[in-house]
Amino acid sequence: MSVTLDLSRVSSDAAPATPVTKPLINLSGLTRPQLVAALVESGVVEHGKAKMRATQIFRWMHHRGVTDFADMSDVAKETRARLAEAFTIARPEIVERQVSKDGTRKWLIRMAPGIEVESVYIPGVGRAGALCVSSQVGCTLNCSFCHTGTQPLVRNLTAAEIVAQVQVAKDDLAEWPSDKEDRQLSNIVFMGMGEPLYNLGQVADAIEIISDNEGIAISRRRITVSTSGVVPMLEKLGSTTQAMLAISLHATNDPLRDVLVPLNKKYPIAELMAGIRAYPGLSNARRVTFEYVMLKGVNDSPEEARALVKLIKGIPAKINLIPFNPWPGSDYQCSDWATIEAFAAILNKAGYSSPIRTPRGRDILAACGQLKSESEKVRASALRKLSLAAMAGVLSDDDEDETA
């Protein structure tokens, strides 16, 4: 016996299907050429006027900082209405804002349900102040000294979500319009959650937007991208972004770096150094920054300091020495201050600038290693971290000369 089902018949009591609404594209994440294309493809602006309109809209978003198309007074009302129907320029939700006694500011930003990242503004770093931004939600690197870096990768951030971190900071710092002479935000460091070179396409677009002179206008020489050493992507990073390069080094030999930075097993030190030496634009005016966390009895001996000098010989560089901030369950301790100073003295004698940076924002849990343990007690669903280097003050006082 066969049975035939008539699937065309639906009960009159059945609820109608809910249409799936496609999220609006956030124009804040589009470079100017991408913005031109989006305006034409959407039919909001005719081709002949698209370039002019794109520049107007771009300036309103990134120079004036508006969050509503209705505020774009030199754009026709009809065009503004069509823009609002097709796109958005809204900011993400700020879940939490904290300000440290030392002026450090931290924002917990919800990009989407379950997608939260932290950004930190550190005053007095670089020319005026630096913002540490994230490029991914979660991380795949599993660096053994990093409490927060062991969290699983959720997804890459979009260019709009990266740029939004800058916009949120500028909102809070009252930094609009972007050409204010007394701006407090002068530098951007990609040292938050994630490995930027595993999301280079979106990172590169964000850098183009942030550095565009019609908008936020932060020079590419004041934008630093930190990597644990994704060697095949170094050349592309330099050629497409012209950003300053920072390397999370932390060891001078492969056996130790394999433990501290497991990515080293894939791209060992010799390969990493070759990639750094070939980095586009590397010069005394565009030095690479080596980040080196000071771990007691692990990588802090005078022999290690001399090995570091030998390793980077001939590379225009500076070394940021970062005191380790212990976290519960960690196998590591911070080097004694005298040990750190002795390490720095060896580097300085060899001609390398080697500032020692102490953590900033400890009272708002913005110091290295505090973010995962303390934040998860409050909000277990949030997957976020800020890099060790940024919290220790990635840029030294002499960076103003390099990034002017």
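Note: Cβ is positioned from N, Cα and C throughout, glycine not excepted.
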Candidate sharing the S-adenosyl-L-methionine site with GLY194, GLU195, SER248, LEU249, HIS250, ASN325 (per Swiss-Prot), from SER178, SER211, SER226 | SER226
Calculate the distance in Å between the alpha carbons (Cα) of CYS139 ([4Fe-4S] cluster binding site) and SER226 (S-adenosyl-L-methionine binding site), and round it to a whole number.
-> 14
Neighbour tally for GLU195 (S-adenosyl-L-methionine binding site), based on other Cβ positions within 10 Å of its Cβ | 24
Integer Cα-Cα distance in angstrom, SER248 (S-adenosyl-L-methionine binding site) to GLU118 (active site, proton acceptor) = 20
So how far apart do the S-adenosyl-L-methionine binders GLY194, GLU195, SER226, SER248, LEU249, HIS250, ASN325 get, largest Cα to Cα in Å?
-> 21
Among all the protein chains here, how many other CB atoms are within 10 A of the CB of ASN325 (S-adenosyl-L-methionine binding site)?
-> 21
Nonlocal neighbours by CB distance (under 8 Å) for LEU249 (S-adenosyl-L-methionine binding site), same chain, sequence gap 6 or more = ARG257, PHE290, GLU291, TYR292, LEU308
